[in-house]
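In what follows, a structure is listed as structure tokens, so that the remarks can point back to it.
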Amino acid sequence: MAEQLRFDGQVVVVTGAGGGLGKAYCLFFGSRGASVVVNDLGASFKGEGNSTKAADVVVNEIKAAGGKAVANYDSVENGDKIIETAIKEFGRIDILINNAGILRDISFKNMKDEDWDLIFKVHVKGSYKTARAAWPYFRKQKFGRVINTASAAGLFGNFGQANYSAAKLGMVGFTETLAKEGLKYNIISNVIAPIAASRMTETVMPPDLLALMKPEWVVPLVAVLVHKNNTSETGSIFEVGGGHVAKLRWERSSGLLLKADESYTPGAIIKKWDQVTDFSNPQYPTGPNDFLALLEESLKLGPNDPGEKVDFKGRVALVTGGGAGIGRAYCLAFARAGASVVVNDLVNPDDVVNEIKKMGGKAVGAKFSAEDGDAVVKAAIDAFGRVDIVVNNAGILRDKAFHNMDDSLWDPVMNVHARGTYKVTKAAWPYFLKQKYGRVLNTTSTSGIYGNFGQANYSAAKCAILGFSRAIALEGAKYNIYVNTIAPNAGTAMTKTILPEELVQAFKPDYVAPLVLALCSDKVPKKPTGGLYEVGSGWCGQTRWQRSGGHGFPVDVPLTPEEVVKHWNDIVTFDSRADHPEKASDSIEKIMANMENRVGEGKSGAAENEHLAAIKKFTGVEGKGTEYTFTERDVCLYNLGIGAKRTDIKYIFEGNEDFEVVPTFGVIPPFNTEMPFSFDDIVPNFSPMMLLHGEQYLEVRKYPIPTSGRLVSKGKLLEVVDKGSAAIVKQGITTFNAETGEELFYNEMTVFLRGCGGFGGQKKPADRGASTAANKPPARSPDAVVEVQTTEEQAAIYRLSGDYNPLHVDPAFAKVGGFKVPILHGLCSFGIAGKAVYEKYGKFKNIKVRFAGTVNPGQTLVTEMWKEGNKVVFQTKVKETGKLAISGAAAELA
């Protein structure tokens with residue numbers, strides 16, 4: 001048996017420890033020999049009120065079990081007093097767990113300064129104050145352990161949490177810097193993104209999911225990270241909850257390198273955009289790219305193809321910090337491209353304004369601090385009547401080693417960078433919403449992304465800006481407001497203080513501006529919002545998260561730190577199981593996939609053989625028929641459900657001589673067909689919540705399709721593929737006319753079952769011709785494009801054709817699945833796309849799609865079609881996000 005991890009003789013400080021995760025930390029460390037400082041203000045999850053009771057209850061519980069503990073009731077912004085309690089009571093401080101937090105969730109358009117400031121006071125400044133107070137003791141004793149707390153909302157952004165997302169991602173940059181500064185003193189710092197029930201989350205998680213999100217699933221990971229045995233895992237980011245533990249790291253694309261001269265234009269970048277986002281040969285960095293080497297390579301290249309000119313005529317661009325350096329370069333570039341420019345600078349905007357006017361452009365100055373965002377934006381409105389583009393560039397440096405950092409260095413950096421970015425964007429937001437157009441370009445830095453010595457304040461602020469950007473990108477997408485973030489490498493007034501002059505000259509701001517203009521244009525071809533890009537010296541690349549495959553622990557057995565240690569390599573190794581999460585629901589999905597991982601229900605080798613035997617038994621065996629009766633009313637309802645309008649008489653009026661049903665209706669009759677097998681028979685750990693509809697294939701075996709009648713569908717199992725952590729099940733269903741016996745439709749449905757693999761089944765799916773064809777779109781512009789805007793009621797109408805899954809109508813159920821709102825049925829998107837193909841090219845004998853992403857009712861579906869002989873290859877995108885909803889799709893014409 002593994003030796004128990006103990007904390008005897010050590011002192012642990014836990015903030016926000018009156019309940020939930022904080023309480024679980026305290027009880028654990030108290031039981032493992034540590035002396036515990038239980039800090040809790042006793043406020044509500046919104047940060048209101050205070051009470052000493054919560055901390056006292058936890059202290060008494062620890063003492064009753066024979067442990068040592070003391071309560072502290074200070075707010076975390078008085079972190080020095082919290083650490084003082086540890087020193088006075090126990091004489092030392094070894095481990096600091098910054099867990100205190102509040103929520104002030106509200107849509108960005110309705111957010112008030114108080115909502116922003118309170119979140120930052122508790123999450124960001126509180127973590128800084130406690131860590132700063134503990135740091136001298138850590139350095140002196142050459143031992144310290146820090147855990148800071150981020151969240152999925154911080155890592156990916158989340159609706160209604162612009163403040164919280166910013167604060168939580170700020171913790172990542174802060175932690176990375178502490179890790180770098182502390183390493184030589186054996187001060188280990190890590191950050192976790194926990195999914196755990198607490199006073200905060202009880203208002204936003206359904207009760208059944210809350211029950212599975214016990215804080216006890218988080219504590220063992222933290223125990224391993226703060227134990228004295230951990231001397232190397234530092235500056236790391238972990239996702240944890242519900243038995244799932246994984247590590248995240250930054251992944252940087254190989255990017256696009258162009259010649260850094262006057263031919264380096266926005267159009268040149270856009271023309272080769274695929275290279276910007278090419279992750280085929282990625283880097284896994286802990287700091288900036290080698291820009292000197294890139295600059296040398298860039299200068300060897302020939303002139304760039306300028307591509308399509310980016311035109312900003314009629315647009316108003318506001319640039320903060322626009323009076324010098326990189327901000328000046330932005331202002332001049334926008335002016336040259338036809339924009340009216342608002343030059344914001346606290347010191348001197350006038351020189352740049354005059355420079356623009358001298359070259360025939362339009363510009364006004366706005367001499368305000370970025371913190372006075374209302375005044376900055378008012379200057380744009382007063383001068384030009386509108387604002388279209390905001391580039392948040394203003395910044396200051398107050399660098400100092402963390403042990404010398406104080407509030408006079410921390411607060412100004414946080415105020416100018418994070419709060420200034422929030423204030424200017426917030427002031428512009430109502431205008432963006434009204435005109436249904438806005439472009440925001442925010443500025444992080446490699447210090448924020450990766451941390452940097454002497455820049456704990458700057459790193460936290462810059463990473464917070466990225467979290468803020470990701471959250472408002474989600475909120476703005478439906479209003480055509482795009483938000484992106486760059487980490488520029490250029491010589492500026494700020495960097496002059498830390499770079500030699502010759503390097504400052506080499507890293508011209510002119511080599512950053514083209515990407516800024518590209519991102520603020522309407523020309524970015526894929527995923528035009530929510531991106532993070534590094535740029536400089538003629539190079540630009542995208543940076544994203546990579547997540548390890550991690551390890552899933554059984555949810556019916558208490559998790560211990562010793563068990564975490566046993567599986568540590570699985571948790572931290574980035575192998576073929578690694579993926580690239582993009583949204584908060586990607587965290588929930590991993591945790592939900594682990595919910596059926598139970599020792600008590602585990603399958604032995606014999607049981608696995610039972611699954612294989614069941615697959616063999618049921619494959620190809622046809623089930624008894626399931627009847628489906630439909631009328632012209634059902635035809636009208638289906639057509640309306642996939643987007644038919646009141647003007648489409650032949651789809652909605654049974655009295656029309658051309659009355660018909662769209663051929664994709666063929667997926668409806670077999671929908672509830674009784675199959676001759678159950679999923680429990682053929683795969684382990686089956687749960688309906690783990691089922692994803694992967695692909696759909698439909699053959700229309702007889703035209704014209706009747707508009708009423710009695711049909712019978714018979715189904716059979718075609719194959720089961722074992723993907724290790726999941727299973728793929730393919731079913732075939734034939735639909736007959738009950739009166740004549742004629743075959744009308746044949747469907748193949750492919751479902752993906754998370755957590756149901758590993759039973760020793762076949763590893764690769766069979767080639768089944770048209771139903772499994774890859775259908776890669778040709779490398780040319782589409783031959784036809786059809787846009788259909790869905791309504792917010794689309795799913796509510798479509799479900800009446802037979803798919804009553806509450807995921808598509810019940811907000812509470814959708815939230816359990818990790819979605820902000822009920823999503824559109826995949827087969828509804830299939831119908832909309834199939835209708836586009838049918839109306840453009842006529843009858844098809846078969847149609848196949850792969851479901852590549854979700855669609856929210858109200859979003860616009862864009863179907864792009866390429867005719868290749870008798871085959872129409874197509875794909876369907878969500879216009880508002882640029883993401884694919886349907887891929888690998890084609891229809892063979894009849």
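Every residue gets a Cβ built from N, Cα and C, even glycine.
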Among ranges 763-782, 863-882, whichever one Swiss-Prot labels region 'Disordered': 763-782
Fewest other Cβ within 10 angstroms of its own Cβ, chosen from the binding-site residues Asn99, Asn805: Asn805
Nearest recorded site to Asp803 ((3R)-3-hydroxydecanoyl-CoA binding site) by CA-CA distance, among recorded positions Asn99, Tyr164, Tyr458: Tyr164
Other C-beta atoms that fall within 10 angstroms of the C-beta of Gly826 ((3R)-3-hydroxydecanoyl-CoA binding site): 24
Surrounding CB atoms that lie within 10 Å of the CB of Phe851 ((3R)-3-hydroxydecanoyl-CoA binding site), all protein chains: 24
Rounded Cα separation (Å) that holds between Lys723 ((3R)-3-hydroxydecanoyl-CoA binding site) and Asn99 (NADP(+) binding site): 38
For the region 'Disordered' (763-782), sequence-distant contacts whose Cβ falls under 8 Å of one of its Cβ atoms, 6 or more beyond its ends: 697, 718-719, 721-723, 728, 730, 748, 846, 848, 864-866, 868, 873-875, 888-890, 892
Candidates Lys53, Arg132, Lys168, His693, Lys723: member of the binding-site residues with the richest Cβ shell (10 Å): Lys168
Separation of alpha carbons, Phe851 ((3R)-3-hydroxydecanoyl-CoA binding site) and Lys168 (NADP(+) binding site) (Å): 32
Cα-Cα distance linking Tyr458 (active site, proton acceptor) and Tyr164 (NADP(+) binding site), given in Å to the nearest integer: 18
Per-residue pLDDT averaged over the region 'Short-chain dehydrogenase like 1' (6-230), given as an integer: 90
